Amino acid sequence: MVTVNLKSLLIFSAFLRLFLIIYGEWQDTHMEVRYTDVDYLVFSDAAALVAAGKSPYQRSTYRYSPLIAFLLVPNSFIHPSWGKFIFSASDLLVGFLINTILKLRGVPEKLCTYSVMVWLLNPFTFTIGTRGNCEPIICAIILWIILCLMNGRLGQAAFWYGLVVHMRIYPIIYALPIILVLDPLFFQYGTKPALVNWSSRKSKSQQTSSCKKLMDPCCICNFSTSLFTWRRIMFGLISGALFFLLTGIFFFLYGWDFLHEALLYHLTRTDPRHNFSIYFYHIYLHYEHELSNLEKLVSFLPQIMVQLVLVFRFAQDFPFCFFVQTVAFVAFNKVMTAQYFVWFFCLLPLILPWTNMKLRGKGLVCILLWMAAQGHWLLWGYLLEFKGKNVFLQLWVAGLLFLAANTFVLINIIQQHTYSPVFQQSSRAASKKHVKQR
């Protein structure tokens, strides 16, 4: 049987992405349907404006941090595909970081490689970077933050967290689980936090007991009384300072255009164009009229409730917590496009070694159901977009079915997951706790 190691997997993946970038150039030139993502054209135009000393926000629909435009400035004088190489390199970096995180947690090498393959050989993910989408950069930073936390490098984790929230606002949902994880029981001065090894996975009854402890009122009360530890305050100050520093610099350079397009737009976005969200049809019908406060609350409330439950249930197993948070955030968001799926695809390999779901059983059912629900929606989307048929109602129903499929898959993933906190209690913290109890 042929064995695949990480090095050969990365080399093959690099050549695959190089081929797709070259092929994309050919398809863009010779075929009516372009391979390159329309967002890449927006990035390139914004980068050209920056190279000319102008604001990237002079390009309509550029709604990203100026840092993306800065990264793509070489598009103007090296090659138009420069950005695709940057995004694809970030894509490969994600695979490397997945392997590093899993090995640090004691996962066997063979299982690490299979998990990395789920990212690197996923058709959805390897086309994202080669088509010119910037999401692999965001994914790489999030995985680097996870790695920094595991190694006890809190200053670095805070720095990169402030940067990634500036670049993409959605990682703000990870703030609460990170704060919960920075517990004095795990982090002691002058020592690196001890990690729970993969081989010491708990039984189903033990993990259920651990989860219940997290939700216990006494546990929540203890957290509230010890909330303001110096590590938590330091993390908040560093990440917050960097976020506001970058915001202030770019506000000085580009004014309200930056503030609205890069930040405020994403907080208040209501997209009347068809997308996977269950809210799109209501927004489409009432786009000429501003949504009432009650309507905004109704759309926001389910999301925040689900996030809080997931955080307090799984925070100590924070890679898994990040994953289920992201799936739920995307599923219940007011706007949902296919590129959002990469947000949780990069976290999926981090949880696979702890799942009891078999590919030939429930795993295959979940994959087929999710793909079928998405394909069903895309069929109606095609009829609306390319055939001009009035199928808005059918498309909305397809969105409801897709939400049901996402919910079904998420519930099964949670049920089949072996809860495993990343950190184990330090010996010094355990002895102090024992003395207090006595």
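Any Cβ shown, glycine's included, is placed from N, Cα and C.
Automatic, uncurated: that is what TrEMBL annotation is.
Features as listed in TrEMBL:
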type	residues	note
TRANSMEM	6-24	transmembrane segment
TRANSMEM	85-104	transmembrane segment
TRANSMEM	111-129	transmembrane segment
TRANSMEM	135-152	transmembrane segment
TRANSMEM	159-182	transmembrane segment
TRANSMEM	233-256	transmembrane segment
TRANSMEM	327-352	transmembrane segment
TRANSMEM	364-383	transmembrane segment
TRANSMEM	395-414	transmembrane segment
Quiz item: the transmembrane segment (135-152): which same-chain residues, six or more beyond its ends, come within Cβ distance under 8 Å?
Solution: 68, 71, 86-88, 90-91, 93-94, 97-98, 100-101, 104-105, 125, 128-129, 160-161, 163-164, 167-168, 171, 174, 178, 181, 187, 191-193, 195, 318-319, 322, 339, 342-343, 346-347, 350, 422
Practice problem: May I ask you to check whether the transmembrane segment (364-383) and the transmembrane segment (327-352) make contact, with contact taken as at least three Cβ pairs under 8 Å and only pairs 6 or more apart in sequence counted? | Solution: no
Practice problem: Could you tell me what the rest of the chain brings near the transmembrane segment (6-24), counting residues at least six beyond its ends with Cβ under 8 Å? | Solution: 35-36, 81, 84-85, 88, 91-92, 95-96, 99, 112-113, 116-117, 120-121, 126-127, 129-131
Quiz prompt | Top partner of the transmembrane segment (327-352) among 85-104, 111-129, 233-256 - counted as Cβ pairs under 8 Å | solution = 111-129
Quiz item: Who are the long-range neighbours of the transmembrane segment (111-129) in its own chain, taking Cβ under 8 Å and residues 6 or more past its ends?
Solution: 4-6, 9-10, 13, 16-17, 20, 84, 87-88, 90-92, 94-95, 98-99, 102-103, 135-136, 338-339, 341-342, 345-346, 348-350, 352-353
